[in-house]
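Let me begin by presenting the structure, written as structure tokens, before commenting on it.
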Amino acid sequence: MTPPHNYLAVIKVVGIGGGGVNAVNRMIEVGLKGVEFIAINTDAQALLMSDADVKLDVGRELTRGLGAGAQPDVGRQAAEDHREEIEEVLKGADMVFVTAGEGGGTGTGGAPVVASIARKLGALTIGVVTRPFSFEGKRRAVQAESGIEELRNECDTLIVIPNDRLLQLGDRNVSVMDAFRTADQVLLSGVQGITDLITTPGLINLDFADVKSVMSGAGSALMGIGSARGDNRALLAAEQAIASPLLEASMEGAHGVLLSISGGSDLGLFEINEAASLVSDAAHADANIIFGAVIDDALGDEVRVTVIAAGFDGGKPAGRKDTGIASVPAAAPVAPPTAPRMPVHPQPVGGVPTGERLVPSAQSQAPQAQPNPPSTSQLPGRAAAGGGGITVPPLPPVPGANANAAAAGRRPLSNEDFEEELDIPEFLRQ
């Protein structure tokens, strides 16, 4: 009798270009398990420094091992020239991650070629790429957007990590080196959050079919990460993940969600339930939520949550609904006053027409919120014309008004004119 085979999903991670190879090196450094690493580059010198299991120098004739010069067309052609070699190293994979830093040459142009080959071989193909920092220039930004669109068409699922949003995770003193290292770390989190669910035993285990049910043909995906310690740690980590700065759009509408919760041996089922319920509420009402809990004693009392949301209507997530503009509280409306207005017949002061104004009483002034100040376009150095009955507090002297009043034979205005309840300035009584 033939003994049963131990079938395990074959997972391969391909880093292409400088950014992709750096990310692979980071994954190897932290000991990501259960995957095979492949480094592909047109820069032979950088490739020599990689610790990947397989190294593939593409474009040997085209670039002579000197890189693509930040030209995506060169990177694409280099990958096409070595299509058979790429196919050979990807054979037998059940899942292929293609990771790259978008905006350059080899990664931007070559990643869609690698993804296309992997998908034709029948592997679940997931792209995990970064969008460049703004300080890297407009040219790289334009090239990155073009490369992302090409890669999206070749992958089952594409996760895009905006590097600019990584700045919100650090402080103002972060170095450029640390910023790019953080980008590598986030790429690692995206890959590890998925692979650990399959390869690492835990409280709640998943298999490859579970992951495939969410990510096959899902289109664009969002990834959020969070971590916390102490009371309610799993819930707090989940809150961080779904409100992560890495999320350029809202999770609302996601039909598929992968939730990975990692913690020490004391990670409780009740904690997992709280975190999963929070994520479930943030997704589509009928979403297929696949979640697993991984035990990693190296985390101590820390809990880490990785959320990957995919399967949006139209292939892309909707933008966040918040506009970033603070709403005006109901307690502070800017509206006409309810107190009766005194009929007044103002005269021009210093050539500036003075509209009706109602000065609030001391009793009504306290609870009433102050209106927003007029814009500078309404105040070119003088009081705005036509007060329109807006309730205003005692005002400072208007520049130039007192001098003009004196020239016209009237006494200057001061704050004393506004001290008594509904006291009308003397010149208005004339």
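Heads up, residue numbers simply count up from 1 along the chain you see.
Placed from the backbone N, Cα and C atoms, the Cβ positions cover glycine too.
The feature GTP binding site is assigned by TrEMBL to Gly18, Gly19, Gly20, Val21, Asn22, Gly105, Thr106, Gly107, Glu136, Arg140, Asp184. Marked as compositional bias 'Pro residues' by TrEMBL: 334-346. Annotation source TrEMBL lists compositional bias 'Low complexity' at 360-369, 400-412. Here TrEMBL flags 10-202 as domain 'Tubulin/FtsZ GTPase'. Positions annotated as domain 'Tubulin/FtsZ 2-layer sandwich' by TrEMBL: 204-321. Feature annotation from TrEMBL assigns region 'Disordered' to 330-430.
Shown here: features listed in TrEMBL, placed on the structure.
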{"residue": "Gly18", "record": "GTP binding site", "Cβ contacts under 8 Å, 6 or more apart": "Asn41, Asp43, Ala46, Gly101, Gly104, Thr106, Gly107"}
{"residue": "Gly20", "record": "GTP binding site", "Cβ contacts under 8 Å, 6 or more apart": "Val14, Ala39, Ile40, Val98, Thr99, Ala100, Gly101, Gly107, Ala111"}
{"residue": "Asn22", "record": "GTP binding site", "Cβ contacts under 8 Å, 6 or more apart": "Gly15, Gly101, Phe180, Asp184"}
{"residue": "Glu136", "record": "GTP binding site", "Cβ contacts under 8 Å, 6 or more apart": "Gly103"}
Among the binding-site residues Thr106, Asp184, point out the residue whose Cβ has the most other Cβ atoms within 10 Å, with all shown protein chains included in the count.
Thr106
DSSP three-state call for Glu136 (GTP binding site): helix, strand or coil?
helix
Please work out the helix, strand and coil residue numbers for the domain 'Tubulin/FtsZ 2-layer sandwich' (204-321) from the DSSP assignment.
38 helix, 37 strand, 43 coil
Would you work out the biggest C-alpha to C-alpha distance among Gly18, Gly19, Gly20, Val21, Asn22, Gly105, Thr106, Gly107, Glu136, Arg140, Asp184, the residues that bind GTP according to the record, and give it in angstrom as a whole number?
19
On average, what pLDDT score does this prediction assign to the domain 'Tubulin/FtsZ 2-layer sandwich' (204-321)?
86
